[in-house]
């Protein structure tokens, strides 16, 4: 089979760090290839043959957006994910309500469209988190609904410069995450995943064992729900592949977004010694995240590959319809 030429394409929303674009954007050569020849099998075959180049690009930039390729369905997206050859990571221990779609593909966080999902590294609050994640736009929103991304080491450096004592405390004590789960999923909440979905079982004994495997403490509540305590776990990690520290946590997400009828966000995350976080510094971190982020409006067929070690992501509110799918990789 012929191989497709991959073209690095500039878009207005990109930022540049050390002369490298963020995110990198890859498109087909629009002028040289007739549209009928631009098939999904050709795209997936090119991914396989150009894997070294794409891995290098992801390592340099932290995120790669594939735009203009014939990825028209969840099945197509699953084929794209499979073409990269990354091992699958089951979604066990995460907070977001999600629905399995096909193969390795499930819905992105299904919280209501008027709610913002704050910046976080995917599953930063558990031991086993994905190293990479894919997003795919099946239905582009009428308005809003971007998935802003931000380079984690940039956030770390800015926080260290502005709040050195706070960062030192984080490095010494880590963070403690507390979440109260219902028995079943609550689609009205951005963290509404019930314990049955969280641990992929209806058996409490098995749920307890899986919690232990994840490093969680699990307590059952009188209403049939559960309380999970995770940590202390590091809030700042060292990215060995890039030789730099990264702001690898869900601090802002938990403190500003883990709120529903069961959860108080101010109690959802604390220093690892249990002491409360200073609200003004948390909100200043949010400001830094917003200043440094890139928000590219989704287009139907877009596939976004994120290095979860390098990049935090979020979701902006939107006017429906919008359907963005996801896949996690070890």
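Numbering starts at 1 and runs along the chain as it is shown here.
For all residues, glycine too, the Cβ spot is worked out from N, Cα and C.
As the structure is a computational prediction, the values presented were derived from the model and not from experiment.
Its Cβ placed at the centre, residue 2 (N-acetylalanine) has 9 other Cβ atoms within 10 Å. Look at Swiss-Prot and you will find 2 tagged as N-acetylalanine, backed by a large-scale study or a structure entry.
Secondary structure from DSSP puts residue 313 (Fe cation binding site) in a beta strand. Residues within less than 8 Å, Cβ to Cβ, of residue 313 (Fe cation binding site) and separated from it by at least 6 positions along the same chain comprise 119, 120, 122, 147, 148, 149, 150, 306. According to Swiss-Prot, the feature Fe cation binding site maps to 120, 122, 313.
Secondary structure at residue 120 (Fe cation binding site), as computed by DSSP, is strand. A coil conformation is recorded for residue 2 (N-acetylalanine) in the three-state DSSP classification, outside any helix or strand.
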